[in-house]
């Protein structure tokens, strides 16, 4: 529905009031009703398209009085859709359903299979109702009341079946609405059963009256009773459809449970991955520290002169880590020497590395 600008609506309202100021009272009533209709259409447009603080809104009193005001934040908050409008709410809902649809496609296909079976049963119910209508057409004027009741029952049953089809089509939009839709179907079918019982009761009363007034009504009463039996059979078929609808709802519940289990497993895996990331980070740091310490140790010198000690120091690094090494050595002969060293990283939490070596030359 188109959203009317407030200036256009205001002009329409003033024109409606002013154009017939000198007309009769009945014309004033017509113009007032037309104005109320315009305002109602504007309000309907806001309910569909939404509104925000500062826009013009109209209130219609019980006596038809129209009040114009600027919408406040409180008016937006008090709105059923928080000012978003039915169109935006449906868009958001559709987006949410589309995001969740990939996770439940397999389960929804299973539900759709059950729905197709239910639709077949409902088609059988339609055929049974058609037979009921044909039998009711043959009822005489003495059973007109019975015929009217059964016809009403058949029409209401068809209406309920249409509602069931509409609710089943909504399964593709959101799984969460399955249970509510099927409950509505069950309520409608319960009401249908009650009306069928009332129709049978009325048929029995009409039969008794017909026997007292007309001899040939027996055969037609029997036909009417047969029609009532078919109506009860149709109601039974509808009950079977409701049972299958409940089974589909149970499957939907299983789907939700599976989704919850998957979410819990994903959460556990996420925790394990976080722990693994931490361990990898620690290993990376220790590896870099070790390489830095080895670089420092490799820079230490051994003594050259026979009978001499030496003290040596060196630094080393690898990427962001660095280390300091110190060492000492002693040359026993021209051919034989020994040395030892230790290195420590400069960052906190570093471990020490060391080496001891001998050298023999010939």
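Note: Cβ is positioned from N, Cα and C throughout, glycine not excepted.
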Of 33-89, 90-146, which span is tagged coiled coil by Swiss-Prot? 90-146
Considering every residue in the region 'Head domain' (24-169), what is the mean pLDDT value? 76
